[in-house]
Amino acid sequence: MNNYFQINEQISQTEKIILPDDTPMKNKPNTITTMKTSWFTFLPYAFIKQITQPANIYFIVIGILQIIPATSYTNGVPTIYGPLAMMMSISILKDAIEEYSRYKSDQEENNRKSHKYYENQFIECNWKDIYQADIILVMENESIPCDILILSSNYQGGIAYVETKQIDGETNLKQKYSIYDLQQRYHIDNAINFKDKNNNVKFVYDQKNPILYKLTGTYQINNSQVDSLNYGNFIERGCILKNTEWIIGLCIYSGMNCKIMLNCSQERTKRSRLEQYMRICIISISISLALFCLMSSIYEFIWTNNHLNYSYLGLTKDNVFIDLGLWFSLLSYFIPISLVVNVELVKFGQAKMLESDKVMPNSKSHQSNLIEQLGEINIVFTDKTGTLTKNSMQFRELFAQNEKEALLCLSLCHSVVKSKNKLIGSSPDELAILEYCEQKGYLFQGIDNNNHLTINKTQFHRVMNFDFSSDKKRMTIVVKTGNEYVLFCKGADEVLLELIGECQHQQIIHQFAIQGYRTLMLGRKTFSQSQMEIYLTEYKKAQEDKDEEMMNKLQKKLEQNLEFLGITAVEDLLADDVGQTIQDLKIADIKVWVLTGDKVETAISIGYSCNLIDSKDMLQVVTQITVGSIEEVFLQYCNESANIALIISGQALTVMLDNPQLKSMLLKRAFYAKVVIVARVSPKQKQQVVTLVKENLPKAYTLAIGDGANDVSMINEAHVGVGIQGVEGTQAARAADFAISEFKHLKRLMFYYGVECSRRNALTILYIFFKNQVFITPYFWFGFLNGFSGQYLYDQWLSSLFNTVFAALPQVLYALFDEMHPSSEYLQWSKTSHNLLEEKPDVYVQFRQQPIFTIIKFWLWVFNGMVQGLIIFLVCTFSTENQNMDNGMTMEFFEDGVFIYGIVIILVNLKIFTFTYTNYNFTIFFIVLSILVYWLILIMVNDHELSPSFNFYRYLASPQLYLALALTCMLFLFDLAIERFYDFQIYIRKPESIELV
């Protein structure tokens, strides 16, 4: 394979040089990957991840104790490793499924088709087979496979039109240009000569960097004059070629070196608050277990020493540390071995239910372990274009004193071109305005090579043109009609008001702004031929001198004392139900921050139209770029109780982040502000804002939502990232933790799935710890009856089935199907109707401020389990103490164990009813079945002598059994009373406050 440009990496750290050479750049392929590992490293990575889990570390230690003869009650066999291996395998399998999903997504991207130059022709290839310095061919409606410089296009002037929705979420077209001197050299019709020595070209350009919307460099043909390159010659990966038959480009950044990929911050491991708390609880209960084991071993040591003279007991002096290890093995159920896997499987099932939700079509979950975190969000960071809006403009109104002149101004003063009878422009506002002009009879028919614009059949010669810029905030054109020169200007109202002077129509602007419309003011001015000739002479001289300051002064001089023509109102259509969604988020006490690349004025306008900013809010706009001026603006508003909407420009943000004092002032003001909007920000700045909030508000949980590749860094940085997929591209959706198709679905994602999964997962974890305490506590108290000798109470085979058979499935069904406000859908995996929680933001506030799972609540559940385990042990043990068998002997401890175990199984399964809202027939069936299985097993093994004293049918007829069952019912009703009447689910306490650090 031949490449015709070679990269020289040695020239500097900030630039790259491409020389004409046949050396391929195989070390820089166009492959991307979003996988956390490779397939070669996945198993080691997954294994290390599992064995470093606190719970798994605990069970590995228990297995070691089971191997050591002195501390083993399993004859040296590490029986714990069997279920541990099964649980770890299930977790690894789940991770593998999620990793495979990312792998498939990467493969789809890398195997997309394009064309590259090879042996004097363009051949079809996969994106991954393109290398830096390859020459590629892109056809209309194809995506750009890598970052390229445009060498040529099918248009004579080298123009190309691209859609940048993957970069910034905008669907309007942007104009790009080929390198003028290379348009013919690298024309598609001249492909056979690309290797000609006369095509010796040297490129110098910026070294790979994440800065979007910027590229500088030079090119030199055959060692002749050096000419400049700029961003207009550059197209980023992921853009789509539109209204252009073909372009030929040079790959200058490939794969993970593309600008958009460099803006994708490396994905970090995210953990929900519940998962973090669960880890803390595992560690704390391990410490409690150590204390219980230490007490047991000390008691056994003392008891043994006090009874050494009883020779028939065969006692010998024991080592306290050996007894300690033995008790660690016996009480290993203190921490449930199935805890982590059960929780992960439940979350995985919840994520699959989310993906099959018909109310939120095309939803995806890439991080199922974060699903409950959706119910505890304090701050939402959102992009604007394509997220809050459809980026679809509609012309709403024209206010004009002279409608004909205003329409002529609008049809002439714009950057739109016409190709194939279709209007093509970089501004959706201008397209909407021209469509309105056409409806009014002012049809723009294009511009020819002689700078003649045609409106209907009338030609206007374009004499001068000043394009719109974010600094000048206006566009101006001068046209010649006959002997008269007419200047038309349109722009932001605050700029045009200065150029027009006194204007009696500012109330109209205010009315349009209240309605959320984007407004432009129009102005006009006429010149004689002599006046224009003088001006053109002065301006030409400034151009030749490259005097930017003089050119700006001359432009402003030309535009002074304009005549007012009119005001336009254009609406950027909001996405469906955005206003109501934001209103509900605000009711739920969730702060919404808008981080957008749009102008400050546009962002404010959308803020009003989507209910983010109220008419009563006080706007504090910070666009200054010096430390002193920013401090002055902040000091003007010192009232923390005021409803302040803080609006900041990207340039001002840069200054603030570099100054510790300003950063502190920004944080304080943003903390108390009702609304925060940051405009004209880069992807890196979006990430920096999220990082700033996380570092200084450690108790606040953040969610970031966006639709473009420029939102990926922000999405990855937030505690939870949500991508919008669909017409605005898939980059954000692929990188996010969750993906939805519209912003309005955020409400269902948070208010329904967030609240429900947070509630169910918290209670599932608490229940798992509770049932294991009920199960293991009799073991501990049984030690007082045997001198803490380490005698096990339950049959070892039956006890191994506790967390896998007798008390397993009901908790999973609860976590998947229980609902506080169930719909009419009975056992329907795929939801098709809305849930009442979506309209109850107050419930969201309640569950966030008073979460179910807290350290205090955890210990209450553990203590409750211990107490109930103790009661069961006392009743079952002492009620059978004096019961005689047929041979006159009393019952042995094994039958006590069978008795206690059966009551424990009944109680822990009934416990689920105490915190369940929805009891389906099938859930009741499996709860009953889980209880009956134990008794059915006892019937089956009744004929086998498990114990000399055991007889199931006599056991079934004993009054002690029914006494214990009555006790179980009393405990169940007691628990139910606590749950229902004393609100045990949400422990009454003062809500946690979020403080600025």
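Using the three backbone atoms N, Cα and C, a Cβ is placed for every residue, glycine included.
These features come from TrEMBL:
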type     : residues                                                                                                       : note
DOMAIN   : 27-80                                                                                                          : domain 'P-type ATPase N-terminal'
TRANSMEM : 55-74                                                                                                          : transmembrane segment
TRANSMEM : 280-304                                                                                                        : transmembrane segment
TRANSMEM : 324-343                                                                                                        : transmembrane segment
BINDING  : Asp383, Lys384, Thr385, Glu430, Phe468, Lys490, Arg518, Thr596, Gly597, Asp598, Arg680, Lys686, Asn710, Asp711 : ATP binding site
ACT_SITE : Asp383                                                                                                         : active site, 4-aspartylphosphate intermediate
BINDING  : Asp383, Thr385, Asp707, Asp711                                                                                 : Mg(2+) binding site
DOMAIN   : 733-979                                                                                                        : domain 'P-type ATPase C-terminal'
TRANSMEM : 765-785                                                                                                        : transmembrane segment
TRANSMEM : 797-817                                                                                                        : transmembrane segment
TRANSMEM : 858-878                                                                                                        : transmembrane segment
TRANSMEM : 898-915                                                                                                        : transmembrane segment
TRANSMEM : 922-941                                                                                                        : transmembrane segment
TRANSMEM : 961-982                                                                                                        : transmembrane segment
When you measure from the Cβ of Thr385 (ATP binding site), how many other Cβ atoms are you left with inside 10 Å? 27
If you count Cβ atoms within 10 Å of the Cβ of Gly597 (ATP binding site), leaving out that atom itself, what do you get? 26
Taking 3+ C-beta pairs under 8 angstroms (sequence gap of 6 or more) as contact, is the transmembrane segment (858-878) in contact with the transmembrane segment (898-915)? yes
Is the transmembrane segment (280-304) close to the transmembrane segment (797-817), in the sense of at least 3 CB pairs under 8 angstroms with a sequence gap of 6 or more? no
For Phe468 (ATP binding site): intrachain residues, at least 6 apart, with Cβ closer than 8 Å: Ser415, Ser427, Arg474, Met475, Gly491
To the nearest whole angstrom, state the Cα distance for the pair Asp383 (ATP binding site) and Asp707 (Mg(2+) binding site). 8
Binding-site residues near Asp707 (Mg(2+) binding site), in sequence order, restricted to Thr385, Arg518, Gly597, Arg680 and a 10 Å Cα cut-off: Thr385
Are there 3 or more C-beta pairs under 8 Å linking the transmembrane segment (324-343) with the transmembrane segment (898-915), counting only pairs at least 6 apart in sequence? no
From the binding-site residues Thr385, Arg518, Arg680, pick the residue whose C-alpha lies nearest to the C-alpha of Asp711 (Mg(2+) binding site). Thr385
Select one residue from Arg518, Arg680: among these binding-site residues, choose the one with the most other Cβ atoms within 10 Å of its Cβ. Arg518
Between Asp383, Asp707, Asp711, which of the binding-site residues has its C-beta surrounded by the fewest other C-beta atoms within 10 Å? Asp383
Between 0 and 100, where does the mean pLDDT of the domain 'P-type ATPase C-terminal' (733-979) sit? 81
What is the total of other Cβ atoms whose distance to the Cβ of Asn710 (ATP binding site) is within 10 Å? 32
